[in-house]
Structures are given as structure tokens and as C-alpha cells.
Amino acid sequence: MKKIVFILIIYLTYISLGLPDSLLGVTWPEMQSDFPVQQSAAGIISMTVAACGVLSSLQTARLTRKLGTGQLVFISVLLTSLGLAGFALSRHFFFLLVVALPLGLGAGAIDTSLNNYVSANLKAYHMNWLHAFWGVGATAGPLIMGFTLRSQFSWRVGYATIAGIQLLIALVLFFSLPMWQSESAVRDQEESLSLTPSLFMKNKAIGYSLLSFLIYVSIEGVVFLWGSTYLISIKDLTPATASFILSIFFTSLTLGRVASGFVTFWLSNKKILYLSMILLIAGIGSTAFGTNTLLYVGLALIGLGCAAIFPTMMHETPRRFGDQLSSSIIGLQVASGSVGIIAVPPLLGVVFQSIGMELFPVFLAVLTLMLFVLTILIDRTHQKNS
């Protein structure tokens, strides 16, 4: 029973990671009128949060050795609560950038430390369900903000409400610290190795793995940012219909992670990865060549294809590189994913604007094939090193 409660606390913490993730995009149209800035200024806030997340991810292995997973996660959730409360209180745009710092630093540490802990200590189905709970948080955040705005309250009340939820989760973590200490004692005391250039040269799979995370998160980011635009401009759908079809992608992504947790009882991580990429290609093809109902099917297949890839690759890290290296590598993998979502979707946006949105499924297919090749290279290099 104690183990089940502890795992539920881990899932609850990952909900806290998802809660703020979709807030800015949903709230910015309301927020912007309170600040004398252009619409594009939201990108500066988003990039500040993401950059702090990268920095935090790179330091998480060292901080985990010093503080332990439980204390680090507790402090990190407190930081996100502080950042969200700061958003609610901000009267100047510059202050939004200041409070974006603790929000990004906390999120990066939560993401990396929990992925490291679950990959090393729990089963593959736990990893898939962990990331499904991120989807619960990412869905709940906009719902809370939407309810707040429909109730004629300010967007500041929405941010304050979610900051309060984060604070409550932090309190749960504080009172559960003894459980973290008993569960994490062996793991946190293990001697871990630092990554050096010689290790990168000796094991090329490390570089392949970092690139695979960059590419996968880029695929997600491209669908998030440009999926609706593609459906409207190329498939001649109304904005309302395009938004609904894109919501099917998010729903299938979350439900797919729940389902893939059960699939791990029958299939290995390796088979799940290859099956996921086949589903992804099928979904891209249906979206590119389909109309009407086939578009719904296509986005659903893309969501299902994406569902298991990130958590499965994360759970494979200790097996591929060993427990002593996994903590440092997971930090780099999370950072690589952040770089992908910061850089690739905006760059492709420039390409789409210059050449045309028709290239949307082409680039998705190319990125998926690159991920397929990298996965093969990682497996072959791992077998060779073994």
C-alpha cells in the first residue's frame, strides 16, 4: 500500500509539471492588453522558461546527488508555484521575464529528476503512465483558466489558482519526504559518472540518443504549432474544425500513453518504439492525402504514434548506458528535447512561409524517418558495446 501511495505522489507531481505548460498560449490574448507589448512578446517569455529548463536539466544530476530526489522535487514545485504567483502579480512585462526564471528552473528539475528516478527504479508501464499524467496537467491548466475567464474573473485569478494548486502539491511532497528518502536511499547514494568528451567518442550511441530526443520533441512541437494552420490553409477547414481535429491529437496522445502502459506487459520497449514510428508514418500519410474523416484518423494516429516514444526512450536510458551514466544522460536528453522545441518549429515556420504549408507532412515524415534511423543506430551501437 505504501508503494502505491508513493507512486501516486510521483504521478501527482508530474501533473504539476503539465499544469503551467499550456497556460501562456491560452492566456496571452487576455494578458497582452495589460502590458504595452506586441503579440510576439509571448515568445520571449516562452523562450525564457525553456532556456531556464535547459540549464536546470543539465544541473539536475549534480543537485540530485546533493539533495536527493525528494527534496529536489519539493523545492522545484515550490519554485513553479512562486513563478506562477509572480505572473499573477506582475504589472510590468520585465517582471514577467523575471518570474519566468523560477518557473523554468523548477520545471526542468522536475522533468529530469522524475524521469531519472522512474527509469531507474520502476517499470516501463509506470513511465508511460507518468507521461500520461503530464497530459492530465496540460489539459487541466487551460480548463481552469477557461473557467476563470468565463466566470468574469481576471486571468490573474487563474494564474493565482494554479499557483495555489502547485503549493498544495508541494505540501504533499514535503510531508512525503520520509517516503522519498526510504525509496530513494540506494539510488541517490550510488556513485554516478560524469560525462566526458572521451565517453562521447567511445560510445556514439550517446550522441545518437541526444539527437533522437531533439528530433522527437521537434515532431511534437511542429504538430502543436503548425497542425492547425496546415488544416486551415491546405485542407480548407474552418478554424473551429481544425482546432477540434487537433484536439483529437492531444487526446490520443494522452490516452495512448495510458494504453501503451498496458502494452508494455506484452511487448518490449524496442518493439513499442518501432510500432510507434510505423503508426506515426501511417498518420502522417493519412493527414497528407486524406480528406474529411481520414483527417481525423490521421491526427489520431499521429497522437497514438507519438504517445509511447518519449517515455519509452527515456525508460531505455539505464539499459542502454548503465545506471551510473543514466542520471547525467537523462539531463542531457531533456535539454536536447527543449532545444528541439525551441529551435525547429520556428525554423520550419520560416520555411513554410517561404515555400508553402504543403511541406508540413513532408517534414514530419523526414523527421520520423530520421528518428527511425537513429533508433536502429542506437540499438546496433549498444549491441556492439555490449
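Placed from the backbone N, Cα and C atoms, the Cβ positions cover glycine too.
Summarising the annotation, TrEMBL assigns domain 'Major facilitator superfamily (MFS) profile' to 6-382.
Sequence-distant neighbours of the transmembrane segment (36-55) (same chain, 6+ residues past either end, Cβ-Cβ under 8 Å): 24-25, 28, 93, 96-97, 100-101, 103-105, 107-108, 111, 334-335, 338-339, 341-342. Among the features that TrEMBL reports, transmembrane segment is placed at 36-55 (among others).
With a cut-off of 8 Å between Cβ atoms, the residues of this chain six or more beyond the transmembrane segment (67-87) that come close are 13, 16-17, 20, 56, 60, 95-96, 98-107, 109-110, 113-114, 116-117, 156, 159-160, 162-164, 166-167, 169-170, 173-174, 176-177, 179-181, 184, 187-188. The transmembrane segment annotation in TrEMBL covers 67-87 (among others).
Remote same-chain partners of the transmembrane segment (93-114), defined as residues 6 or more beyond its termini with a Cβ less than 8 Å from a stretch Cβ, comprise 10, 13-14, 16-17, 20-21, 35-37, 41, 44-45, 48-57, 59-61, 63-64, 69, 72-73, 75-80, 82-87, 130, 330-331, 334-335, 338. Marked as transmembrane segment by TrEMBL: 93-114 (among others).
As annotated by TrEMBL, transmembrane segment applies to 126-145 (among others).
Here TrEMBL flags 157-177 (among others) as transmembrane segment.
Sequence-distant contacts of the transmembrane segment (210-232), counting only residues of its own chain at least 6 positions beyond either end whose CB sits under 8 Å from a CB of the stretch, comprise 238-239, 241-243, 245-246, 249, 280, 287, 295, 299, 302, 306, 309-310, 313, 332-334, 336-341, 343-346, 348-349, 352, 357, 360-361, 363-364, 367-368, 370-371, 374-375, 378. Annotated transmembrane segment per TrEMBL: 210-232 (among others), in sequence order.
Positions annotated as transmembrane segment by TrEMBL: 244-265 (among others).
Using a Cβ-Cβ cut-off under 8 Å and counting only residues 6 or more beyond its ends in the same chain, the transmembrane segment (272-289) has close neighbours at 219, 230, 260, 263-264, 295, 297-309, 312-313, 316, 361-362, 364-365, 368-369, 371-372, 375. What TrEMBL records for 272-289 (among others) is transmembrane segment.
Annotation source TrEMBL lists transmembrane segment at 295-313 (among others). For the transmembrane segment (295-313), the list of distant contacts is 124, 127-128, 130-131, 209, 212-213, 216-217, 219-220, 223, 227, 231, 235, 237, 245-246, 248-257, 259-260, 263, 269, 272-273, 276-288, 333, 337, 364, 371: same-chain residues at least six beyond its ends, Cβ to Cβ under 8 Å.
Summarising the annotation, TrEMBL assigns transmembrane segment to 325-347 (among others).
Among the features that TrEMBL reports, transmembrane segment is placed at 359-378 (among others).
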For the transmembrane segment (244-265), sequence-distant contacts whose Cβ falls under 8 Å of one of its Cβ atoms, 6 or more beyond its ends: 123-126, 128-129, 131-132, 135-136, 138-139, 223, 227-228, 231, 237, 272, 276, 295-296, 299-304, 306-308, 311-312
